[in-house]
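K.L.:
Next up is a structure, given as structure tokens.
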């Protein structure tokens, strides 16, 4: 066992704030950006930095329950999170029975292919089944505990949104730093940010254009995080919210996404504005549509004014842009795309081979989210994910409709949009969602919406009691004057 520099920083902070769960959640949001780093090393396994405050936070909430404390919105939270709990239970049962039931009869792509001879292998129980299920259990616990905490009366909901946006600023700053390192050889702490032995980090490029990954394992992982940040900032701008200058952060996130040269990120940028405008139109929010169109026009004009002269003054930049555009447009004809499509097809094919049961959680590493869920969780896993999305979105709609003046609406707007952006990116190029920030956002959205509903009911009950008291007093006064 060893501790890295990240662990040396995070562990004392986590212990100092061990009785301050809000600080622990804020620390988890900020440290979640170091996905390719490790806080502790256990042989070839590295503990992600965000899990240090995350584990301390879960321990704090569980200890409170052991001491008899209860949260006012726990009923609503647990009902909403039931599909996530169901998915976890099925994942545990699946690794106990399915790899043995179909052993040797189905070919799967393992979590860690052989570096010398990568390829499909016969299905069997492996360490990947255990580690992936443990990760799911931990992420589910983090989401549920975060949801329970934010139902507390007087909770400062915006403090968590600010922590996430602060992490976004840090990611973008490190992205530009990584770009300077790759282009101008500015010193960069690669040994620190890539300290997790679980990841094989390689420098990637498109011809003369370096592909930037910042603190993540690959450009696609950076694009996944930035997709959530981009959607979050875009929708907060559309709703007219001014939190930590999200207008500036939106522009910076676009530039950082372009530096990643990830197809996933570029697709998110292209689809983001139309998706937000369509959502605003469906919800009847004309003010949001106007702000989105204004922001899009300003960004387009700024892009032309800034990029146009650069392309003229620096001809090599035009060649680099052409390289990125050509690579993106020809992605469908590349060998990597065919390989990824083949993986996804094989993953979905396991459904028919297992009668819809799947091959066991963590047995098949697909290329994107839906095929991965299909292979590992079967039809039941897909249904649980759909049910969870339905439950959470329904809870958010009811909360926003019944308590539209609550400060927690900013959390629903920001984190709700971030969840949508990350899900959109995962549908394109993520075999599973392993970013703890995603599950923290899920918990914050669920708990905030539950608290808003509870407060709206309390206000209604108080208003009804006041009305009844006023009517009773008025009737007594009338009766007294008549007598």
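Even glycines carry a Cβ here, placed using N, Cα and C.
What TrEMBL shows for this protein is this:
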- 42-63: transmembrane segment (TRANSMEM)
- 84-102: transmembrane segment (TRANSMEM)
- 133-151: transmembrane segment (TRANSMEM)
- 163-184: transmembrane segment (TRANSMEM)
- 219-236: transmembrane segment (TRANSMEM)
- 248-267: transmembrane segment (TRANSMEM)
- 273-292: transmembrane segment (TRANSMEM)
- 299-317: transmembrane segment (TRANSMEM)
- 369-390: transmembrane segment (TRANSMEM)
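Just tell me what is around each of these and how deep it sits.
P.N.:
Same-chain residues lying 6 or more positions outside the transmembrane segment (133-151) and placing a CB less than 8 Å from one of its CB atoms are 21-22, 25, 28, 51, 54-55, 57-58, 61-62, 71-74, 76-78, 80-81, 84-85, 87-88, 91-92, 95, 157, 160, 361-362, 434, 436, 439-440, 442-444, 446-448, 450-451, 454.
Residues 25-27, 29-30, 32-33, 190, 193, 203, 210, 212-215, 222, 225-226, 229, 232-233, 243-244, 246, 249, 252-253, 255-256, 259-260, 414-415, 418, 437, 441 of the same chain, all 6+ positions outside the transmembrane segment (163-184), place their C-beta atoms under 8 angstroms from a C-beta of that stretch.
Residues 33, 35-36, 164-165, 168, 171, 175, 204, 211-213, 243, 246-247, 249-250, 253-254, 256-257, 260-262, 264-265, 268-269, 272-273, 276, 292, 295, 410, 413-422, 424-426, 429-430, 435, 437-438, 441 of the same chain lie 6+ residues outside the transmembrane segment (219-236) yet bring a C-beta within less than 8 angstroms of a C-beta in it.
Beyond its flanks by at least six residues, the transmembrane segment (248-267) meets 165, 168-169, 171-172, 175-176, 179, 206, 209, 211-214, 219-220, 222-224, 226-227, 229-230, 233-234, 237, 295, 299, 302, 324, 327-328, 331, 425, 428-429 of its own chain at Cβ-Cβ distances under 8 Å.
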K.L.:
Taking the transmembrane segment (84-102) as the reference, which of 42-63, 273-292, 369-390 gives the largest number of Cβ pairs under 8 angstroms?
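P.N.:
Most contacts with the transmembrane segment (84-102): 369-390.
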